[in-house]
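If you look up TrEMBL, you'll see 77, 129, 211, 215 marked as Mn(2+) binding site. Summarising the annotation, TrEMBL assigns domain 'Manganese/iron superoxide dismutase N-terminal' to 54-136. Summarising the annotation, TrEMBL assigns domain 'Manganese/iron superoxide dismutase C-terminal' to 145-245.
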């Protein structure tokens, strides 16, 4: 069973291990994360005048995911929450050494630093939300095909087993968080992260993600989180995007 629950902020490492991990993240995750989003035709690190981080455009119309996710939810989630993280991040990094960096580099530089928690949280939420929008597509869902289907079968024993484990991780996330399908070295795993945490800080390569913060589904499903997860898997998940992210 390739299910892991990741508490990103609390890895105990020796100084040597930390330096090795930082170098690994800088090369394979920082560049890989940028390449992933560029392949999708968007960039988290798109700049406005003055070097600030901009809100990436949605890859589809706001009503395109209905009925799985309504236009009303999208208007609040993307238009208020995601935009709010972008605006807050710009306020925090204005006239600092972080102002002109890509979002992935801001995450890497602020991760685990107690005096940069607010910057990390907002930067990670900008990244996570952009990845989430691209993990969905109108008319998506169902079983993947090709190499990704083979990799899922090898890692989880079949698509049905993957669905069960992914649903369990997403549904059992206490409070706010995310459930990810990631590549960790040569293996595929399902990772749960809390709040703004993101697997790129642990050297993992995200393939797709579902947002299980309440604002992602409450207007449409109220407290029925599992129904939202089922709709995501059956009707929305973007397997083409996930396959492009495979290394």
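Each Cβ is built from the backbone N, Cα and C atoms, and glycine gets one as well.
Neighbouring residues of the recorded Mn(2+) site, listed in sequence order and excluding 77, 129, 211, 215, comprise 78, 81, 82, 132, 213, 216 (Cβ within 8 Å of the Cβ centroid). With a cut-off of 8 Å between CB atoms and residues at least 6 apart in sequence, the same chain places 211, 215, 216 near residue 77 (Mn(2+) binding site), listed in sequence order. Residues near residue 129 (Mn(2+) binding site) in space but far in sequence (CB under 8 A, at least 6 apart, same chain), listed by position: 78, 81, 82, 85, 211.
Residue density at residue 215 (Mn(2+) binding site): 14 other Cβ atoms are found within 10 A of its Cβ, drawing on all protein chains shown.
Here the domain 'Manganese/iron superoxide dismutase N-terminal' (54-136) returns a mean pLDDT of 97 for the predicted model. Cβ contacts within 10 Å of residue 211 (Mn(2+) binding site), excluding its own Cβ and spanning all protein chains shown: 26. In three-state terms derived from DSSP, residue 211 (Mn(2+) binding site) belongs to an extended strand segment.
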